[in-house]
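Note sheet for the following structure.
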Amino acid sequence: MSNSGKKLTQKLKKNLPVTGPQAPTLYELMQWYCLNTNTHGCRRIVVSKGRLRRWIWIVLTLIAVALIFWQCALLLMTYYSVSASITVTFQKLVYPAVTICNLNPYSYSKIKDRLATLEKTTNQTLKKIYGFTEPLIRSKRDLDVNDENSTEDIFLKQIPLFRLESIKGNQLVVSDLKTKKRTQISGKVIQRDAGSVQDSDNMVGFKLCDANNSSDCTIFTFGSGVNAIQEWYRLHYNNILAKISMEDKIAMGYKADELIVTCLFDGLSCDARNFTLFHHPLYGNCYTFNSAERGNLLVSSMGGAEYGLKVVLYIDEDEYNPYLSTAAGAKILVHDQDEYPFIEDLGTELETGTETSIGMQLTESTKLSDPYSDCTIDGSDISVENLYNKKYTLQICLNSCFQREMVRSCGCAHYDQPLPNGAKYCNYEEYPNWIYCYVKLYKQFVQEELGCQSTCRESCSFKEWTLTRSLAKWPSLNSEEWMLRVLSWELGEKLNKNLTKNDLGNLNIFYQDLNSRSISESPTYNIVTLLSNFGGQLGLWMSCSMVCGLEIVEVFFIDSFWVILRQKWHKLCNWWKNRKENEIEEIPDITVPAMAGHNNPLCVDHPICLGEDDPPTFHSALQLPQAQDCRVPRTPPPKYNTLRIQSAFHLETIDSDEDVERF
């Protein structure tokens, strides 16, 4: 009985193996765990076929376990450290670049010889318009304004000035200021001042016509003769400056030690050597404090009026051009070191005889590029060439685009903007039609017909300083006398007159505090958030992790691909087998038909074939029939059921499947 019981137990163990904690060996226990656990990855180690797949899943599972231990260790260390963090930071802001320009671009004593004829013509024109009898400029200009014969009328020929008297239909009745003849003119009217041409009498203007087509004209009208003369004067002024070399223009401008009298920064003394020359086409010699060309940038350690830049500027109002600069003072612009100072558009003006205090607040803005916005990072993806050699800005792109169109349409470059390679500045002698071309092109630019506004895009990052300005009378009555004496002594030989407070301006520019504001864009839904949300949904509803995702990839992409490939292979093999069988069945089964009588070729001249009743004799039986010239169909090859060609294909298919499973 004992032997039979042992045999029964062994048979049960063989047919029904014990699993789980009752497994007899550690290998069987691990195998059972991997087959029944909810931990992803372990089951794939057991069920995967092929050593390569098995080792891949072993490595992935071990890496996941190592990451879990590492992260848990960090969490435990952080939890049991029982520490509190206190952060105290002392911030220092880089002091921005400050560009300072005199509103008068050139000393009149240095440029008067080049502008003498233009100034005479302008002065005489004003006398004709308003009937002045006294000289309109001071005698120190050394101009004989009463000698009309000495004044050339070339400027009035190029751009004729007129007085608008009346309107008849679509034509204007004007009085030419040179010939005093009344004529009717027609063309496109551009009103540069507020109001309407129909509602204004005695308006002043000038006419620009195409040199190649005199009937194509543009008429500019102004409600005030001051604005008309200034606009007319500036057109001729730019034409004269376009023919002067850069070296001569720098020599005619103000030097740093002439413009800057005293300087303090952060409580320390500075001088003209801390300023960098920057020549502006409209304001002449300007000077930039804390420029990147000086090397290390200065920083502000504290906020407040005592820790900024303090300068006293010598304006020298007596050297002002009366028709170009009608306001006296200076203009400043706060900007980043790698930005071009568009001081004519963004600058802040300083008055003479006052102390101007400007508090700054820095704002840094950063926008997201494509696909969140249409901004550009550095302008490299813009088709417009940067003519300023500075950091890309929208204003740089627009000006460069207009200058490019100016060179393409008019053949020359405008004086107010940088010169492109291979181009020349416009002047009457070489390009007599440039002013009309410029006015027409600028109108198209303003109306966004040149495509510059659609081509140029905003920069994704930029810095902006918000300025708060306050004014005070400077110097005071009690301190005026001694301060002017001291400053006159410091100017020394540069000063050839008695100094007054209207010749000076005091500037104090500083950070209000060292708190900068940062405005940045961030995507509300990025790839990290997307993956986290996907992982949360899969873990909540399917208890699925990253390893589970890899299992899905293996089954639904890799294994499914091989299953479909095997199915296609089986179909191909079956098609090949059926094709071979069909080829065998198409061969016809040819047999010799039974023929009797004279239709049988073997019975020719035979007694039996002749139908004779008597049996053949021995002699007639020996007479064999002659061979007939006829082809007897050959017997087809036999069909052997033992030739099983499909079995060979079946064996190849089995081998191929085994090869696939080995992967």
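Any Cβ shown, glycine's included, is placed from N, Cα and C.
Checking the candidates CYS401, CYS426 against Swiss-Prot, the cysteine paired with CYS412 through a disulfide bond is CYS426. Cross-referencing CYS410, CYS452, CYS456, CYS460 with Swiss-Prot gives CYS410 as the cysteine bonded to CYS437, criterion being a recorded disulfide. Within the set CYS397, CYS460, Swiss-Prot assigns CYS397 as the partner of CYS456, by disulphide bond. Counting only same-chain residues six or more apart in sequence, the Cβ atoms lying under 8 angstroms from the Cβ of CYS270 (disulfide bond) belong to CYS263, LEU264, PHE289.
The Cβ neighbour count for CYS217 (disulfide bond), using a 10 Å radius and every protein chain shown, is 16. Looking at CYS286, CYS375, CYS401, the disulfide-bonded residues in this record, the fewest other C-beta atoms within 10 angstroms of the C-beta turn up around CYS375.
Here the Cβ of CYS426 (disulfide bond) has 24 other Cβ atoms within 10 Å, regardless of which shown protein chain they belong to. Proximity of CYS397 (disulfide bond) to non-local residues of its own chain (separation of 6 or more, Cβ distance below 8 Å) is seen for GLY379, ILE382, VAL384, ASN386, CYS452, THR455, CYS456, ARG457, given in sequence order. When secondary structure is read from DSSP and collapsed to three states, CYS286 (disulfide bond) falls in the strand class. The distance from the Cα of CYS426 (disulfide bond) to the Cα of CYS217 (disulfide bond) comes to 20 Å. Within its own chain, CYS410 (disulfide bond) has CYS426, TYR431, ASN433, TRP434, CYS437, TYR438, LEU441 as residues 6 or more apart in sequence whose C-beta sits under 8 angstroms from its own. CYS209 (disulfide bond) and CYS401 (disulfide bond) have their C-alpha atoms 25 Å apart, to the nearest angstrom.
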